[in-house]
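What TrEMBL records for this protein:
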type     : residues  : note
DOMAIN   : B:66-258  : domain 'ABC transmembrane type-1'
TRANSMEM : B:12-30   : transmembrane segment
TRANSMEM : B:70-90   : transmembrane segment
TRANSMEM : B:102-123 : transmembrane segment
TRANSMEM : B:135-162 : transmembrane segment
TRANSMEM : B:182-203 : transmembrane segment
TRANSMEM : B:237-258 : transmembrane segment
Amino acid sequence: MTLVAERPVRETAPAAPKRRRRPVLPYLLIAPTLLTTAYLLVYPLVRNVVISLQEFGLPQLVRGDAKFVGFANYVRVLNDPEFWGVVRRTLWFTAINVVLIMVLSTLVALLLVRLGRWLRFLVMGGLVLTWATPVIAATTVFQWLFQSRLGVVNWALVELGFEQYRDYTWFADGEATFGILVTLIVWQSVPFAALSLYAAMTTVPQELYEAARIDGAGAWRVFSTITFPMLRAMFGLITCLEVIWVVKAFVQIWVISQGGPGQATTTLPVYAFQVAQSLQRYDLGAAVSMLMVLLLVLALLAYFRQLYRQEQEA
Amino acid sequence: MIGRISRTTAALVVFVVSVFPVYWMVLTAFKPTRDIQSATPTFFPTSITFEHFGTAVAAKGFFSFWRNSLLVAGGAVLLALLVALLAAFAVARLRWKGRKAFVLMVFVAQMTPWEALLIPIYVIARDTGMLDTLWMLTLVYFMMTLPFTIVTLRGFLAAIPVDLEEAAQVDGCSRGEAFRKVVFPLLAPGLLATSLFGFITAWNEFAFANVLIIKNQDDRTLPVWLSSFQNTFGTDWGATMAASTLFMVPVLLIFVVLQGRVTTGIVGGAVKG
């Protein structure tokens with residue numbers, strides 16, 4: 001009875017015909033987004049391409065009469081051994097960071113699954129605290145931790161018997177600074193990856209684990225035959241995101257070392273900024289950053305493929 | 001038994017490693033200078049001083065840097081909410097040609113490598129006389145948070161049943177009234193969560209603040225000021241850590257407010273602090 005009575009009301013609901021009469025509304029609603037995106041995102045990107053094709057130094061910045069020079073900037077950058085050194089360093093930096101982040105996060109996530117309620121809350125609370133720490137606060141604290149004379153790291157190393165670390169100046173040595181930056185980025189990135197992986201792991205049906213255990217499978221076997229294959233898309237997704245974030249990492253490096261000492265910690269974004277800001281070669285800097293975007297697009301395409309797969313599986 | 005002990009140990013190690021830097025920052029901020037400079041560090045508070053916080057607050061320009069950061073982050077978030085709410089409504093509630101393409105555009109915009117846009121945005125700001133203004137910074141932060149705001153608001157909106165709105169319209173509300181009286185109150189928690197995440201992004205941003213505010217040092221924001229702590233505090237690590245702690249407090253408060261939502265937010269993969 002009620003069902004029959006309700007139907008005609010639905011059909012004559014005022015919303016439906018209104019939608020057909022005013023198809024302009026949705027476009028009015030998205031207009032602000034489109035306009036601001038065009039001016040604040042698309043235009044800068046296009047401008048970057050344009051600058052990279054011009055001769056654009058300080059005089060052109062002041063006078064505004066830059067001339068097009070074709071691909072001269074790209075040719076110059078690509079023929080510069082320094083650039084390739086930076087690319088190699090960026091790839092190396094990314095590989096070390098991402099491998100460490102993924103391995104540690106997986107271990108932490110596996111640990112979280114196995115912990116009792118209180119310990120799990122404790123560890124998750126700690127992870128969220130790390131995750132919440134602003135990059136600038138973290139870089140400042142790390143400079144204090146590794147300070148040469150009063151830093152707690154040097155104190156601990158000396159206590160452990162490594163006498164050579166007494167008053168050791170970490171930031172004067174290229175490899176040491178590189179190591180500190182890796183530590184900082186891994187420390188900041190693990191919480192996100194670990195908590196996401198943990199959340200994904202809780203969705204794996206318990207029966208699968210029980211069945212594996214009855215069959216006598218060890219921890220590694222359970223992980224490699226159940227957990228990892230079930231969550232392959234999630235692992236792929238997070239790996240892609242971490243690759244993108246590490247390649248782009250600028251603030252940590254710029255604030256702690258400005259790419260130094262020497263060139264020891266100059267990765268692509270730092271290099272692009274150095275060339276533009278310190279040498280005032282905006283054209284070359286723009287070309288370098290376009291090449292970086294190209295590299296990131298590769299990672300992004302992989303990310304979107306994973307995202308698509310993830311949606312398919314979910 | 002052995003498994004349990006090693007798990008507990010591992011858990012404690014993870015906890016200590018993740019918490020220690022922040023703990024050390026706060027501890028140093030409260031430590032008397034003689035404790036900070038002693039050869040053997042103390043790991044637990046023995047005596048507490050507020051002296052370093054006093055030094056940090058008394059530093060030249062401290063309050064204007066706070067005001068600048070608040071203005072820029074707050075302005076960016078409000079703008080983003082306004083613009084995103086309109087777009088999110090169009091995406092979640094209306095059917096129109098090009099909707100899928102628009103959503104895809106938002107997703108792509110969310111992945112913008114902003115680090116690669118430092119140079120053109122500097123040049124554009126210079127050409128338009130926007131260099132050294134907080135306006136430019138606000139606009140950049142607005143654009144940084146906009147895609148994420150649209151995506152999350154669309155999610156929150158989609159979770160509110162259309163039936164509610166239609167029922168209100170059947171009862172004689174106009175479409176605008178139905179949105180204001182029925183949807184908006186339900187959306188408020190989502191708006192709050194989204195805007196707070198956007199606020200954190202803008203609050204923490206360093207690269208553009210560093211490039212766009214050059215001449216007028218009073219217009220700097222907190223991250224830029226903090227990054228040059230050696231100019232302000234020299235080797236006064238107590239004051240530096242106090243300033244860092246103060247800078248982190250609003251972010252921490254926001255995380256506490258959002259505690260329940262934090263995990264869902266990160267699983268969505270939409271944000272990273």
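For all residues, glycine too, the Cβ spot is worked out from N, Cα and C.
Those TrEMBL annotations? Automatic predictions, nothing curated.
Model, not experiment: these values are computed from the prediction.
When Cβ distances are compared across the two stretches, the transmembrane segment (B:135-162) makes no contact with the transmembrane segment (B:237-258), since fewer than 3 pairs at least 6 residues apart fall below 8 angstroms. Using a cut-off of 8 Å between Cβ atoms, the transmembrane segment (B:182-203) and the transmembrane segment (B:70-90) share at least three residue pairs, counting only pairs 6 or more apart in sequence. The largest share of C-beta pairs under 8 angstroms with the transmembrane segment (B:237-258) comes from B:12-30, of the ranges B:12-30, B:70-90, B:102-123.
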